[in-house]
Amino acid sequence: MTNIRKTHPLMKILNSTFIDLPTPSNISSWWNFGSLLGLCLIMQILTGLFLAMHYTPDTSTAFSSVAHICRDVNYGWIIRYLHANGASMFFICLYTHIGRSLYYGSHTSQETWNIGVLLLLMIMATAFVGYVLPWGQMSFWGATVITNLLSAIPYIGNTLVEWIWGGFSVDKATLTRFFTFHFILPFIITALVAVHLLFLHETGSNNPTGIPSNMDMIPFHPYYTIKDMLGAFLLILILLAMTLLTPDLLGDPDNYTPANPLSTPAHIKPEWYFLFAYAILRSIPNKLGGVLALLLSILILLLIPMLQTSKQRSMMFRPFSQLLFWTLIADFLTLTWIGGQPVEHPYIIVGQLASILYFLLILVLMPMASLIENKLLKW
């Protein structure tokens, strides 16, 4: 008798995705982050669902409803902080996942890569509208500043901003629609994740060497299910430690002050995971130029498959490219730090240099290094 998991229409899909999937035998722990992202998404949807049961998307009660969740709802405080810190863990896994794909040349699977970039944009949008919901000072002013950037678009800018706001300022209509978007987007993301996996399994996983591994595959279960479980336990351990010991480490103290349109916080800044893009935005003195640079800092990822000049897929055996890759990581961290600093000397010039280096590395230096490596290997 054939096994039900190989014959049942639904089980067959799950089987070919998580059980009998042929997987390269040499993939390292850097490949754990895909499953960790899936875990983060599930945790965010579940904690978010319970928060939505008690939250009220209304300007007069939003802030107090979050306080009510933390004070009066059974274990509301842990659900709220798991959700807030879960978002941080989500972005740590996300950036690591993208970094790993860049290093090992996974971007050559173009459909998987492009859907991944679309997923990144949607997760960023979800996180942005979610940050507005507690209706603290930073929520309100973050929403005002970031949505206002659209007014830089010629002709239709101002109309577009008022259309998104649902009025002449960030108010009740804005909060309601942001809550709606924050609720619906994770489900669209889940559907896109399925498409992302579908395209990934068309070509199969890459491996650290970048060499096709068709002759050396092992089943996903039990080898990688157990490996993913270890990663999952570590992720949950770090998340719980953060949530229970330092729940506000990555938050902004200004968000514990109710939103007040009449007083502007001294430093308006987004959550830490947007600071690199915010630093790039601020480094250009022109509004439209800044907005374009902000968009390009993310959309540049779509160009990366076209900028692949190396004859080798992975950076494992390419020392020049490795050096530039780690320079890019250091530059990303520098931008993140600069985004959280006030606009004054020397932070302005450091931010501008880091922004120039970011685009220079991706568009010019890394493709050139790959060509030099090809020449050295007489390819």
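Cβ atoms are placed via backbone N, Cα and C, with glycine included.
Noted in Swiss-Prot for the protein shown:
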- His83, His182: heme b b562 binding site (BINDING)
- His97, His196: heme b b566 binding site (BINDING)
- His201: ubiquinone binding site (BINDING)
- 33-53: transmembrane segment (TRANSMEM)
- 77-98: transmembrane segment (TRANSMEM)
- 113-133: transmembrane segment (TRANSMEM)
- 178-198: transmembrane segment (TRANSMEM)
- 226-246: transmembrane segment (TRANSMEM)
- 288-308: transmembrane segment (TRANSMEM)
- 320-340: transmembrane segment (TRANSMEM)
- 347-367: transmembrane segment (TRANSMEM)
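The 10 Å shell around the Cβ of His182 (heme b b562 binding site) contains 22 further Cβ atoms across the protein chains shown. Here the transmembrane segment (178-198) does not lie next to the transmembrane segment (77-98) in space: the count of CB pairs under 8 Å, restricted to residues six or more apart, is fewer than 3. Nearest to His182 (heme b b562 binding site) in space, judged by Cα atoms and limited to the binding-site residues His97, His196, His201, is His196.
Non-local neighbourhood of His201 (ubiquinone binding site): Ser16, Thr17, Leu21, each in the same chain, at least six residues away, with C-beta under 8 Å from its C-beta. All protein chains included, His97 (heme b b566 binding site) registers 21 other Cβ atoms within 10 Å of its own Cβ.
Packing against the transmembrane segment (77-98) from elsewhere in the chain are residues 30, 33-34, 36-37, 40-41, 43-44, 47-48, 50-51, 66, 69-71, 116, 120, 123, 127, 130, 235, 238-239, 242-244, 247, 250-251, 271-273, 301, 332: each is 6 or more residues past its ends and has a CB under 8 Å from a CB in it. Long-range neighbours of His196 (heme b b566 binding site) (same chain, six or more residues apart, CB within less than 8 Å of its CB): Thr112, Ile115, Gly116, Leu119. In the three-state DSSP assignment, the secondary structure recorded for His201 (ubiquinone binding site) is helix. If you measure from the Cα atom of His97 (heme b b566 binding site) to that of His83 (heme b b562 binding site), you get 21 Å. The Cβ neighbour count for His83 (heme b b562 binding site), using a 10 Å radius and every protein chain shown, is 21.
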